[in-house]
Amino acid sequence: MVLEQDLDPFVGGNWMNSAYKGFTFLSATWLAPNIYLLISGCLQYFYEVRKRSHYFHFRRFWTIWLKSLVIMVLLFTHIYDCYKTNESVWNVLSIITYFLALFLHVVEQPTLRIPMASLLMFWLFKFLASALVLLLRPNYTMFPMLNVVPSITFFCSLVCLLAEIYVPPANRVWYPDDAAELEETGLRPSRFTYANIFSRISFGWLSPLMKFGYRNYLTESDAWSLPPAERSSNLTIVFEKNWISHAKKKKSSLYMWGVLFLNHWKLTVVIIVLKLVQDVVAFIQPNLIRKIVIFVSSYSSEHPQPPQVGFSLAIAMFLTNVVQTALLQQYFQLGMVLGMRWRSELITAIYRKSLRLSSAARQSRSVGDIVNYMSVDTQKVCDLTMFLFVIVSGPFQIVLALTNLYHLVGYGALSGAFVTFLLFPCNVVIASIFKRFQNRQMKNKDARSQFMTEIINNIRSIKLYAWENIFLQKLLQLRNTRELRMLKKIGIVNTIGNFTWLFAPILVSAATFGTFIVLYGKTRVLSVDIVFACLSLFNLLQFPLTMLPIVVSSVLEASVAISRIYGFLTAGELDSNAVQRYPANKEPSGVCLEIKKGTFSWSGPGQNAAEPTLRDIDFVARRGELCCIVGKVGMGKSSLLEACLGNMQKHSGSVFRCGSIAYAAQQPWILNATIQENILFGLELDPEFYEKTIRACCLLRDFEILADGDQTEVGEKGISLSGGQKARISLARAVYSRSDIYLLDDILSAVDQHVNRDLVRNLLGSKGLLRSRCVILSTNSLTVLKEASMIYMLRNGKIIESGSFTQLSSSPDSQLFQLLSEFSKKDTASSTGADTPLSRSQSVITSSTDVTSSASRSSDTVSNYPKATIKGTGRIRKRLTDEDNVKATGQAAEKMERGKVKWKVYWTYFKACSLFLIFLYFLFIIGGIGMNVGTNVWLKHWSEVNTQLGYNPKPYFYLGIYTLFGLLSCALISLSSLTITVFCAIKSCRYLHDSMVKAVLRAPMSFFETTPTGRILNRFSSDVYRVDEVISRVFMFFFRNLFQIVFVLAVICYSSPMFMILIVPLFFLYRYNQVYYTQTSRELKRLDSVTRSPLYAHFQESLGGLSTIRAYDMEDTFISENDIRVDTNHRIWFLYFSSNRWQAIRVEAIGALVVFSSAFFGVLSAVRGNPNSGLVGLSLSYAVQITQSLTFVVRQSVDVETNIVSVERMLEYIGLPSEAPSIIPDHRPPEGWPSHGAIKFDHYSVRYRENLPLVLNDISVNIKPQEKIGIVGRTGAGKSTLTLALFRLIEPTSGDIQLDDINITSIGLHDLRSRLAIIPQENQAFEGTIRENLDPNANATDEEIWHALEAASLKQFIQTLDGGLYSRVTEGGANLSSGQRQLMCLTRALLTPTRVLLLDEATAAVDVETDAIVQRTIRERFNDRTILTIAHRINTVMDSNRILVLDHGKVVEFDSTKKLLENKASLFYSLAKESGLI
């Protein structure tokens, strides 16, 4: 190829003709874009554009018309030029190229969201080529066209290039699929999907959001949708395919890594290539520094280099920085995208697995463990991708550094390499210790988190039993003696590792320089250019040496997480063939469900399990029949229903099911949604049948009471509802589903007696709504048995008898006959909580209208209504995040602070750290960085002396001082790290955590009932983690980088005083960028935290209702809901880490300007006659470090603000309103109080919360010692509120309660609650031993506990357990039946020495035989005590001394049973009549 200065191609006017003088450089430049487009354009069209659908809406794309017009101008120009010059070959090629460009533009814009890369690069190359031709080509005035063609091409290419990179406004939607998404979700498509290559490199696509966020506070709705490639539903398809075909078949978690990489191998390759190219570019800088130092040094000699060489090197430094920044930010961005994809895939896989988990696998893992897999472990794997590829890049950087060092110092580099590799074993040892400590710490955190979860879930019982201090001490022991002690060890190991990594470059440089002196000291000079080039290489070498051990440790930590996730994903699943499914049987008495010789257990095959739970079961249920299952507590009634659902391990036999199933669990599972959404459960609303359903389930009256009716937000686990309301909503959900088979687990135990009868009449009776369906009911209620077509009686997991009610009741040998004979005078309908709890929005019933539905009187059945259909959206509920507005009865939205965090929060945190320790930290960090600068200044002085003298005087003296400076610098910086990350962090986190847990335990019950459990636990997990480990580390790096920048700028200003002119404008530019970025990034970070809570809450909620979800075949709907929540969080997170890249590329551009300025002023100073190569080398070696330091300071300033929010949130809880004091020293009740048990309510009124109506209104009652009082009333009358009032879970509005003549508000809560005994509605149990559950204070002996267990009919069961009193109770008492947990509550009462006992339906969940035993025990053991019995079954209080009748929160009757029954106008008489006792 020939250059233009040697050969002129324009002779004779034919400027593109290569036939005259040969093919030239400009000819190639002119033709290259055409050839590029012909090849790449055709390939991209056939492989990308042609496969897509076309939406030809030209009128909406004005850029098409503009580009078409410009291309027409170019075509006309070239055709005319071809005609004038008679040159056809090159013009024809250009004409063909422009026709191809026109065609591609026409099909491009309505088809692709982003410009075709081939077209974009074509116009860029064409623009540069025409500019180059205009600059280098001679100006021939003889041939005007020779100027016209490149000039027109130049301007037309520029227009097309600008039109091609044009991005549509953010408020415009251009494509039909985007419009559909906008209509469905309300979210605008991500600007990323419209971004061209330049916009993606510069992250300009994010600028509209940054601008909006700078001027406004961002909300979730402002965030754009997630790009389609990042959505969990799309990612899961590929993951599950590869998981099934690879990892699932193997027996090692290593294959799971393979699946994760296999899913995104193309992206992985791109990331690695980007990082390696960036490494190569980064190592150009030391060579440029050396050349600039040599250039400056040349002006101290007789042969200075031309000035343009120096300025060119300065420009090269700037361009190298810019290119390196672009590559590095793309590497980080794609790494985060890969991590986000992994997290999405793992979360969705864990969620899907949890829906299929077998009972044995589920029992071996607590809810907290599974949630940790989803939250903690997936995040660890995700975070790994940020620096994972340093494993490849690190060795490559070390090789590059040592290779460059070899060229500079010869074999001296080998000693540096030796020291480098010598440090690896040390780092590996530190990493292994760190990993071991981290694993222990994870277990400590899990234990604390699990224990805290139990405290919050059982807080009502803890307060009622006055156990706050016991649980507090246990929690603080887990926290302070285990977790914080391990945190201190981790901090010390981390500090030792930091010192090693900081000192490594000093050791390497000392070894390198020392070897150089030994080998070449007499022949070569350790000059300035060698020293600072080496120094720059040592700085580059510090990153891989520092990061490799950290990355190895992170990989090991992530491997542990992957192993845990892999173990979960490969755990046992439900046997899909356990139940054989067939279409619905439409025959009038056709078999709907049948079990033949079935044996079932809760443990899987091959496990060391006890005897099967159910044995030799033969069971048949037919269409149109009501089948009842009866038996004592723990005999297997609920297990039989679970076996019908396929949730138990089937060992033998077969289960057949015909049609769909509806299931109502014994413990109703209620979604955190509206009542209507709970009933519809993802089905379309049928107004007529919906009204029929709520009438049949006796819910109309409840809707009248609730402020928002069926649109009431029920809160987490239905906390704003009573037990009876939960049960009827669960029942209504089953009825509304219009299924073929109904499995109802003891639903009648949760309602009042008159409601019980209505439900039987409306639903289960011969004229009930479900009479045409197959209904299977487990029950302890003998009343409903009269309606049963078939009764099965269970004992010890076997069906001991079955038959119709007539058959069994007429047989003297029948077990059922014996029960009927013994309890024929008792109504055994049971209940566990019909009264409204503390969190009701309203307790006063405004109407006593009989709600007996028309369903009970009509001929309607479920069969008369069409089958239910699932909503088109597949959504259970609308609400996703706490940002949505909630109704008056819903839970309050989580408070999200906006704007800057108040300085008071920082001050409080620093005081918690200790101001003296903070002072020491600043002393150490400033001294360390100053000493580091001194190290390099000394190196500069040493090299200058060598250069001036021409040899190496006193080399070991200079080397020793250099090493000493480096050692002191590393020691001081490490001490600063130890001070802030260990001593300050532990001191502050102990104060904040302990204060918060004390405040939460002392908070009133209203706080727990208006705050979701997940939100509280988030404070004790995520926020505590940030205070423990993140905040101190962020502060450390922030101040280290800040002082580093200050010292660097000082060095640059000292070496180049003219640089001070730029400091002010650069500072304002930097500050503006920081503020511009901080506002948006801070809000995105907060939104990220807010959108994570609903994701974890949904997961926890789903784990609590697995049986219900599977029974209704709603797995796909809940999976879809989970995917939506994952994507909701990820679209915020995607914008957050993209905003980091947006900021980094702009701040690092400022850093590149600093580097350029340092180099430029150094060159300029040399050219003007003031050369100082030592100062220039020193300033440049520091300037190249400032680029990332500037970025880190901005980033960490945001990290400081976003993480200090955790302190703010903890302080918010520390400042929670508190209950009354536990103990009032001046008002301690006397020993043995209450000694009599006299209770007096004196004009007592109370409401649950402010702005709510009174639930008890002017109650005046005098209860004598040892008197037995029955408390009755309709639903919502205020019965259970009396319990809350007596225990002061709610405080009076007016009036008071006196207990043995002491006003209970005048004494401490612990003194009051510990002197009362209660058997509450909620039969809560704690994880631990039986003994710890019964007597956590350890006040009773084993003999006393056994005696109490015997009285509570639990002794025989406990004795069958392997550990006896020390047998383990699993989380929430899951390994105990509901009745057994209720009897444990009775045992606690028996162990409490008190004169007052409150029973809130103590035997609701037990069978009638056990009920009789318990009632006898209460009469015998508590005969000398005052007993208040809140009754939902009227028969349980018929032997009371007096009956207290409540209505609308007022006392309407209070007299003996006999007198009230004699008065037929009394409310008690009507209640007794409704219950069938009269």
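Glycine is treated like the rest: Cβ placed from N, Cα and C.
Relative to the membrane, V293 and R448 are listed by Swiss-Prot as lying on separate sides. Of the candidates S232, S300, S449, S863, Swiss-Prot marks one as phosphoserine, and that one is S863. Per Swiss-Prot, the annotated phosphoserine among residues S839, S1173, S1235, S1367 corresponds to S839. When S364, S843, S847 are compared with the annotations in Swiss-Prot, the one labelled phosphoserine turns out to be S843. Per Swiss-Prot, the range carrying the annotation transmembrane segment out of 519-539, 540-560 is 540-560. Swiss-Prot marks one residue of N86, N1339, N1375 as N-linked glycosylation site, namely N86.
In the three-state DSSP classification, A1277 (ATP 2 binding site) falls within coil. Residue counts for the topological domain 'Cytoplasmic' (176-259) under DSSP (helix as H, G, I; strand as E, B; rest coil) come to 61 helix, 0 strand, 23 coil.
Among the listed stretches 117-137, 1034-1054, 1056-1076, the one sharing the most Cβ pairs under 8 Å with the transmembrane segment (1173-1193) is 1034-1054. Taken residue by residue, the topological domain 'Vacuolar' (281-310) breaks down under DSSP into 21 helix, 0 strand, 9 coil. Under 8 Å from some Cβ of the transmembrane segment (91-104) lie the Cβ atoms of residues 16, 31, 33-34, 37-38, 41-42, 45, 49, 67-68, 71-72, 74-75, 78-79, 81-82, 85, 116, 118-119, 122, all in the same chain and six or more residues away from its ends.
Counting every protein chain shown, the number of other Cβ atoms lying within 10 Å of the Cβ of G1278 (ATP 2 binding site) is 27. Fewer than three CB pairs closer than 8 A are found between the transmembrane segment (26-46) and the transmembrane segment (911-931), and contact between the two stretches is not assigned (pairs 6 or more residues apart). Most Cβ neighbours within 10 Å, among the binding-site residues R1274, K1279: K1279 holds that distinction in the structure as shown.
Around the Cβ of G1273 (ATP 2 binding site), a 10 Å sphere holds 27 further Cβ atoms from the protein chains shown. Across the domain 'ABC transporter 2' (1239-1473), the prediction's mean pLDDT works out to 85. Over all protein chains present, the Cβ of G1276 (ATP 2 binding site) has 27 other Cβ atoms lying within 10 Å.
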